[in-house]
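Notes for the one structure printed next.
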């Protein structure tokens with residue numbers, strides 16, 4: 001391999017990109033430039049999302065007013081770039097506008113202190129106050145007729161409310177993708193409000209969209225956490241692996257260019273710079289479509305779409321076919337006598353190339369596994385290149401990957417077998433027991449939320465072909481475990497969880513999988529109130545009923561952490577029978593009052 005050519009290409013792209021950035025920042029008015037690039041509709045939507053993500057407690061009407069004022073100001077600057085304040089940075093303009101909110105101190109407490117800081121510290125301060133768990137009640141949709149009337153009465157306001165409600169609940173949602181989902185939402189109502197049975201049309205379509213939106217939010221939160229906690233290098237490595245799997249015909253220089261651009265886009269969105277993020281994402285889509293011949297044969301269909309659909313299509317595009325003439329990996333990375341020289345001259349480029357070559361050959365591997373293999377390869381070279389005979393030292397490095405590959409394969413196999421046996425709800429309960437014993441200090445709502453999401457991996461991945469299972473499962477687990485890490489970081493209670501979350505991004509899942517029962521945990525005192533139920537349980541939707549039962553299961557385990565699976569099975573079986581009996585009774589509340597204490601006493605006796 002011609003490393004001089006390779007490295008020259010790498011730096012050529014880096015410098016060309018940097019020059020592009022300098023040109024970008026030379027505009028007289030940044031806000032006018034973004035307004036012109038994005039157009040009024042997308043600009044206003046992004047401003048509404050930005051304010052909703054920063055000021056999560058403010059009413060919708062306040063945000064509409066703020067977004068309107070900023071959009072009008074941008075429009076004026078677009079007409080006359082030398083107008084008053086048009087030359088201010090976007091952070092300054094947005095921060096100044098946030099600090100005009102009269103209720104800032106009352107609603108957000110010490111967040112108001114951010115306004116005493118100067119940029120960029122003020123923006124960093126606002127970012128630090130974003131709340132991943134704002135505690136808003138679940139959204140309850142009105143009747144279909146009322147929804148359709150609201151949609152038809154004022155479509156712009158209706159879609160604005162959608163953006164607001166999602167953004168305030170998900171303060172790191174990928175903003176340009178949220179605009180895309182709002183467009184999908186609009187399409188659902190445009191279709192279903194004409195249907196004879198509006199409810200039958202809306203129900204499944206809204207639920208399918210809701211699932212996509214929740215997954216999109218979790219994925220972007222994972223990306224933002226990767227950037228915030230582990231830096232650009234970790235995010236770029238993740239992106240190289242993912243894009244190399246998806247675009248195996250593209251060369252490493254092309255993948256590197258796209259990864260560099262993609263990293264910038266996500267850094268901007270994670271940093272609250274939504275206008276820049278959306279604009280740069282559109283530019284990246286344009287670049288990919290202009291260069292599709294050197295990236296992938298699968299892009300053409302995406303490139304004929306309008307900008308929002310185009311970017312989304314490119315993000316979800318199917319994997320290209322593998323080139324048929326790929327040489328053995330060993331030739332460049334084991335057998336070449338210059339391995340140590342090439343590694344030491346440009347470590348990140350050499351390791352990036354290894355990751356690229358390995359990933360494009362293994363579309364069946366999870367990104368996390370590919371990164372662990374690259375890390376192992378790096379550690380081997382660090383060790384071997386310091387010896388007298390490096391080639392002998394690293395000769396078997398590719399064979400030594402086997403245990404790292406076997407571990408997630410066996411984990412997925414075992415858990416999919418358990419899922420097939422228990423079904424989703426039973427599988428969730430098994431994970432609840434597992435994770436409560438690993439980290440009993442974590443709050444019960446968090447353990448229930450995370451275990452329910454982990455349990456969905458079975459439904460999502462176990463039905464897939466063997467070649468897709470591991471990639472689906474482990475990458476989904478990485479996203480869900482990130483939710484645990486984000487919530488735990490806010491109120492840390494377990495050193496073991498902190499360790500797994502903070503030591504290594506790629507080893508997070510193996511770290512959690514490897515945790516044993518926490519023997520240092522002091523059991524909670526028994527509280528009968530926790531196990532007291534009322535007739536309202538009977539009318540809850542099935543999912544909420546499951547959460548109530550799972551909450552009781554976690555609390556039982558926190559009281560009796562050494563309870564065996566058989567004991568827990570008995571107690572939860574009794575609990576299910578108790579709920580069924582009382583919900584069928586004529587006097588439901590009377591049944592719960594009378595039978596509840598008996599159940600509690602029986603459970604305590606069974607768990608001795």
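Placed from the backbone N, Cα and C atoms, the Cβ positions cover glycine too.
Within 37, 62, 87, 518, the residue that Swiss-Prot lists together with 279, 283 for binding Ca(2+) 2 is 37. Swiss-Prot lists 271, 273 as binding Zn(2+), and of 63, 91, 488 the one it places in that same site is 91. Annotated Ca(2+) 1 binding in Swiss-Prot involves 268, 273, 276 plus, out of the candidates 30, 40, 503, the residue 30. Between the C-alpha atoms of residue 446 (phosphothreonine) and residue 37 (Ca(2+) 2 binding site), the distance comes to 41 Å. Taking the Cα atom of each, residue 276 (Ca(2+) 1 binding site) and residue 443 (phosphoserine) are about 37 angstrom apart. Comparing Cα positions, residue 82 (phosphoserine) lies closest to 30 out of the binding-site residues 30, 37, 91, 268, 273. Checking each of the recorded positions (273, 570, 588) against residue 91 (Zn(2+) binding site), the C-alpha distance stays within 10 Å for 273. Looking just at the domain 'Albumin 3' (404-601), the mean pLDDT is 92.
Within the same chain, residues at least six positions away from residue 558 (N6-methyllysine) with a Cβ under 8 Å of its Cβ are 436, 440, 444, 523, 524. Across the structure, residue 279 (Ca(2+) 2 binding site) and residue 273 (Ca(2+) 1 binding site) are spaced 10 Å apart at their Cα atoms. Annotation note: residue 82 (phosphoserine) sits in a coil segment as assigned by DSSP. In the three-state DSSP scheme, residue 229 (N6-succinyllysine) is classed as helix.
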